[in-house]
Amino acid sequence: MNGSDVLGSPPNGTDQTVFTISTAEKVVEISLLAVVFFFAFCGNLLVWVSVLWKPSLRKETANYLILSLSAADMTVAAFNLPFTVSAVARGGWVLGDGVCTFLGFTNMITFVASVMNLAAIGVNRFCIIVHYSKYPTYFDRRGTALTIIGVWVLSILLAAPPLIGWAEYSYLPGQSICFCNWPSSVSYTFFMVVMCFGGPSSSMAFCYTTIITAVRESRRGVRQGNEQASCQATPVRSAFLRPQASGSNSENTQGRLKSLTSIKSHSEDEIVHLTETPKPSSNLLTVPRMPRPVFKQAFQTNNTVDNITTICNDGSSSTSHGNPPYSAQAAESSASILRRHQEAKKKKDREDDIKLTKSFVVVIVVFTICWLPFCVTMFWSVFSPTPVPRLVDMATLMLGYSNSCWNPIIYGVMNNKFRAVFKEILRKIFRCNWTR
């Protein structure tokens, strides 16, 4: 046909629009769809291999929600894209109504599942950051599994009405796909807008707004706590040693310490100093053993403890006299250090959760950018008497399909754990192929 084909009406004749497509347009469309297929399938397969292979990723229940979202993207790549390429290459749909209806149904399921998975991830992030104490209850392995099952069951239920007569699935020539023919039921169109956009969008907006507010308040509290701690006498403790009461002069001080010795703990903020004082005796100064090894050394000294001096950050000091038991002072200091160590670990875990949450926010933004134009053309087809031009229709479809490629890239760029595992897997793959 002079280098062009006519993309005709769907098999059941519900859309009578006819488009003419040139061979050059075919080549461009098929090439772009092939690129999307490659990156979508391989990228999401890499996500699955990473989580299932690496124990550090497998033990985090939130990553199973990522796998659920990735499964929707892989379904798009494996089942929907090849048939779109076939329809473009053949100039229309030739596989019959039954196959078209089935593919339209799977297309709708994956689309709805992507939105619902994003909403579930938003609730997950909300619980782990805002209500951390309740997170293990709601999102343990069982709770996460039930959430994923619920997402997919709901997606199937929302995609089912066209199978029983509320709207219909048919071939759309403007996009070369089998999907819901929106003009066939305006009521179903509005129903899906509310269920797939209104509800999930409201949920995600509430969750992430609350998360942002909580993080800001937490950081403000940390700054205020640091300012108050700067004038308190807790960061550094010094133990000064004195001669025994039996008394001898400086000529008999055979056990004099020649240098300042510092014992560092796991927390960089606390150091116990042993300074030189002139009294010979034979006492072993040993720091009590804690559940975690806070102090790692014992020192032989010729002195006994006399003064405990506390030095503030501003340089001032206060001294308590007498002969307090060193073990009590060491235990108090060790407990403080252990507590700080645990708090630092919790802070790091919280920072990791916040970083992962940021990557999910980017995923949501990218999803909206990719699929919003498709939704605009959907309303255009329902309410406008003028058909959507094929160039616009195909551009919005490919942009929507491309969303399946972006999520693995976002995880690799913004998440240190995923990036490290991606590099390790790809290094093994290419090294193995190179040696062959």
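Sequential numbering from 1, following the chain as shown.
Backbone N, Cα and C atoms are what each Cβ position is placed from, and that goes for glycine too.
Annotation comment: TrEMBL describes 312-322 as compositional bias 'Polar residues'.
Here the domain 'G-protein coupled receptors family 1 profile' (43-411) has a mean pLDDT of 76 out of 100. Annotated domain 'G-protein coupled receptors family 1 profile' per TrEMBL: 43-411, in sequence order.
According to TrEMBL, the region 'Disordered' annotation covers 312-332.
Within the same chain, residues 63-64, 66-67, 70-71, 73-74, 76-78, 81-82, 84-85, 88-89, 398, 401-402, 404-405, 407-409, 411, 418, 421-422, 425-426 sit at least 6 positions outside the transmembrane segment (30-53) and bring their C-beta atoms closer than 8 Å to a C-beta of that stretch. The transmembrane segment annotation in TrEMBL covers 30-53 (among others).
Taken from TrEMBL, the feature transmembrane segment applies to 65-89 (among others).
For the transmembrane segment (109-132), same-chain residues at least 6 beyond its ends with a Cβ under 8 Å from one of its own Cβ atoms are 62, 65-66, 68-69, 71-73, 75-76, 80, 138-139, 147-148, 151-152, 154-156, 158-159, 196-197, 199-200, 203-204, 206-208, 210-211, 214-215, 350, 353-354, 356-357, 360, 363-364, 367, 371, 403. Annotation source TrEMBL lists transmembrane segment at 109-132 (among others).
With a cut-off of 8 Å between Cβ atoms, the residues of this chain six or more beyond the transmembrane segment (144-167) that come close are 61-62, 64-65, 68, 101, 104-105, 108-110, 112-113, 116-117, 120, 124, 180-182, 184-185, 187-189, 191-192, 195-196. Taken from TrEMBL, the feature transmembrane segment covers 144-167 (among others).
Positions annotated as transmembrane segment by TrEMBL: 187-215 (among others). Residues 111-112, 115-116, 118-119, 122-123, 125-126, 129-130, 158, 161-162, 166-167, 180, 354, 357, 361, 364, 375, 378-379, 382 of the same chain lie 6+ residues outside the transmembrane segment (187-215) yet bring a C-beta within less than 8 angstroms of a C-beta in it.
Here TrEMBL flags 360-383 (among others) as transmembrane segment. Through the fold, the transmembrane segment (360-383) approaches residues 69, 111, 114-115, 118, 121-122, 125, 182-183, 186, 189, 193, 197, 204, 208, 392-393, 395-397, 399-400, 402-403, 406-407, 410, 414 of its own chain, all at least 6 residues removed from its boundaries and within a Cβ separation under 8 Å.
Per TrEMBL, transmembrane segment is recorded for 395-414 (among others).
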